[in-house]
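Quick look at what TrEMBL lists:
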DOMAIN    4-382  domain 'Major facilitator superfamily (MFS) profile'
TRANSMEM  34-58  transmembrane segment
TRANSMEM  70-89  transmembrane segment
TRANSMEM  95-116  transmembrane segment
TRANSMEM  128-152  transmembrane segment
TRANSMEM  158-178  transmembrane segment
TRANSMEM  208-233  transmembrane segment
TRANSMEM  239-259  transmembrane segment
TRANSMEM  271-287  transmembrane segment
TRANSMEM  322-340  transmembrane segment
TRANSMEM  346-375  transmembrane segment
């Protein structure tokens, strides 16, 4: 069990590292290729939407043919595609390679969550998944921060190459350490796949649950591609400072993951959800004010801590929706998260085109606070 968790954690760390590397580099890539900030943010959207729309395929494929097998295959593909991103001669070629890498990356963390959920008792699942979050969050935190630093020192291509090396190392470790599985084939693979989704969506208020997951993730991640531009407009800062601010979100998530057992024991699921929503909203309101940029590291740390209170409860709920089809259930959860991360920049970018930054952030704060208060009332009462 410990070996499995450590190996899956290594894969999650490397995959998470690559998820947010573009965010602090958006202004740099915009200048490099001579395209607008809005167009450059499409790199974030392409990755996230490809990640999301791969889930209905990759989740059931993991259930049918083996989660460990698919993690290894997807890790290998991501490594190759990151190298292609580093070598991209034009913006369209970079966008294509980044988008395809998003599809492949979708077969790593969600299937690792499903595999880990299958291996632990239900009473320990939320704590186990909370601790597993450390690897993924640390990866995303260090990825965003390292991207800002490395791109400022060595250029954006070096960021993709460093990430490719990291993903290749994690895949090699997994090849040696992950247990071999027997494929769970059926006589007709396609029909059981769609039946499993029907069973998942027929669970208690499942469509409402997935809608709340989408809204929460849209709010939490929607501003990320614009953080560098917002800070630059306020203070004249660059990718380095944006990377540090975005890293604060990951640091808050790690703080949650390290204290998850105590938080669950002291607060319980209802208060966790309410405090998570309220705290996330407050963090966005703080960011709405032009405080010194270093203060935003603290506000994003608060956002990460509080958002992951919501996220972890949602993640655990998803893993328990349909026993025997955890890959498919977690895939739908990941679909909502990454569809939100893909749609979020489009929604926030459109809003910022017609509304001031502060107004957009306040509206988003109200939305995530509402999710935090409504979720325990509507979803988690059995």
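Including glycine, each Cβ sits where the backbone N, Cα and C put it.
Residues 216, 219-220, 223, 263-264, 295-296, 299-300, 302-303, 305-310, 313, 361-362, 364-366, 368-373, 375-376, 380 of the same chain sit 6 or more residues outside the transmembrane segment (271-287) yet have a Cβ under 8 Å from a Cβ within it. The stretch from 95-116, 128-152, 208-233, 346-375 that makes the most Cβ contacts under 8 Å with the transmembrane segment (239-259) is 128-152. With a threshold of 8 Å between CB atoms, the same-chain residues lying at least 6 positions outside the transmembrane segment (34-58) that come near it are 19, 22-23, 26-27, 70, 74, 91, 94-95, 98-107, 110-111, 197, 224-226, 229, 331-332, 334-346, 349. Here the listed stretches are 95-116, 128-152, 158-178, 208-233, and the one with the most C-beta pairs under 8 angstroms to the transmembrane segment (346-375) is 208-233. Within its own chain, the transmembrane segment (128-152) is flanked in space by residues 5, 8-10, 12-25, 28, 109, 112-113, 116-117, 120, 158-159, 162-163, 238-244, 246-247, 249-251, 253-254, 256-258, 260-261, 264, 304, 308, 311-312, 315-316, 319, which lie at least six positions past its ends and keep a Cβ under 8 Å from the stretch.
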